[in-house]
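Peer 1: Per Swiss-Prot, the features are:
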- GLN11, GLU67, SER136, GLY140, THR141, GLY142, ASN202: GTP binding site (BINDING)
- GLU67: Mg(2+) binding site (BINDING)
Amino acid sequence: MREIVHIQAGQCGNQIGSKFWEVISDEQGVDPPDIPGDSDLQLERINVYYNEATGGRYVPAILMDLEPGTMDSVRAGPYGQIFRPDNFVFGQTGAGNNWAKGHYTEGPELIDSVLDVVRKEAESCDCLQGFQIAHSLGGGTGSGMGTLLISKIREEYPDRMMMTFSVIPSPKVSDTVVEPYNTTLSVHQLVENADEVMCIGNEALYDICLPTLKLTTPTFGHETLVSAVMSGVTCCLRFPGQLNSDLRKLAVNLIPFPRLHFFLVGFAPLTSRGSQQYRALTVPELTQQMFDAKNMMAASDPAHGRYLTASAMFRGRMSTKEVDEQMLNVQNKNSSYFVEWIPNNIKSSVCDIPPKGLKMSATFIGNNTAIQEMFKRVSEQFTAMFRRKAFLHWYTGEGMDEMEFTEAESNMNDLVSEYQQYQDATVEEEGEFDEEEDVEQY
């Protein structure tokens with residue numbers, strides 16, 4: 001069975017990650033008392049995320065943080081028992097929102113013990129498919145130490161997939177002033193070392209939580225939303241499905257150029273907890289919701305860019321034919337939003353088991369050039385501070401060089417212009433609506 005090793009780093013990563021395990025355990029039928037589900041569908045691929053230990057306990061992830069606080073609350077939580085105690089790796093100092101501490105000073109002291117646990121988990125796999133890391137890019141541990149871990153794992157397992165769920169900070173919902181620094185330095189690493197990055201914007205979650213889920217503070221809503229997406233992205237891996245059944249297939253279908261592996265993710269239906277049982281959704285409704293900018297988890301409007309590729313994962317009992325028709329329908333009606341030099345660029349898959357409490361749902365992953373808006377915004381904030389060298393002493397004090405900041409900045413700007421280049425790729429034919437005739441002339 002092709003396993004995925006799950007790692008959660010830093011406070012945000014651990015909050016999202018532990019919620020993810022609650023959702024997954026619920027679906028796979030692993031209760032807190034550790035009795036695995038009895039239906040064959042639940043058990044068939046349970047090993048993708050779980051490994052069996054003595055007494056039939058199913059023990060998943062690796063948790064790491066530079067301070068013990070979050071770990072303690074995870075351990076005390078309802079699912080704290082399903083984690084193996086030696087998979088909690090934590091320091092005592094904390095990174096204090098400082099990327100340099102996570103990456104260069106505090107992080108490296110802890111990294112070897114994390115890698116030992118990673119090795120131990122990887123060795124117990126029959127056929128390791130890859131790693132998934134949940135972290136945020138705005139803090140110190142998830143961003144600094146998270147990217148350090150990613151590069152170390154890259155060295156040791158160069159041919160395994162590396163997927164990250166990265167929470168990208170936003171100007172509206174900001175925890176720390178130095179977020180632009182931390183984010184830019186992290187993106188610099190993720191461009192080089194990750195295979196697939198699911199970008200989750202803080203601000204977008206805020207916007208979703210407010211109107212649709214009727215939550216005023218995005219705390220509970222956050223993790224639930226993100227874990228809905230994580231569970232949707234990985235449901236093909238956990239339950240028998242028809243298409244995109246592993247991380248590598250996902251990557252092959254979604255990444256036309258190696259550096260452009262930052263994805264927008266969305267989820268449908270988004271309803272508040274109370275109102276979800278009153279209406280059944282149809283496949284067309286799901287499709288429409290799924291492509292709606294309001295359902296995107298990153299603060300980029302897909303309408304401002306074009307889709308290079310996209311992948312839609314439907315869950316529940318529905319006809320595959322209907323799904324395919326809907327997908328074609330979307331492409332035909334909105335052809336200007338899809339680049340015409342990649343024909344059939346939406347992949348769809350259907351998995352028979354819907355998430356808990358819903359008849360059917362859809363998870364959407366899109367490689368859209370509009371994601372550059374998010375990087376642009378961070379980059380502008382970065383430049384504003386870096387020009388005055390504000391807060392820089394915290395980083396240089398940990399042994400960093402200004403050169404590294406300049407490199408990270410230009411790497412991120414390159415990324416933005418690459419997205420822009422492919423967005424404009426066939427700008428001549430855009431003028432009229434008779435694109436088809438134009439294409440024939442060229």
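Cβ atoms are placed via backbone N, Cα and C, with glycine included.
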Peer 1: Determine the C-alpha span of the GTP site listed in the record, that is the greatest distance between any two of GLN11, GLU67, SER136, GLY140, THR141, GLY142, ASN202, in Å to the nearest whole number.
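Peer 2: Binding-site diameter by Cα atoms for GTP: 22 Å.
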Peer 1: Return the residues near GLU67 (GTP binding site), defined as same-chain residues 6+ apart in sequence whose C-beta is under 8 angstroms from its C-beta, sorted by sequence, else 'none'.
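Peer 2: Expected: PHE90, GLY91, GLN92, THR93, GLY94, ALA95, THR141.
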Peer 1: So which one is it: of the binding-site residues GLY140, GLY142, which has the fewest other Cβ atoms within 10 Å?
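Peer 2: Minimum Cβ neighbour count within 10 Å, taken over the binding-site residues GLY140, GLY142, occurs at GLY140.
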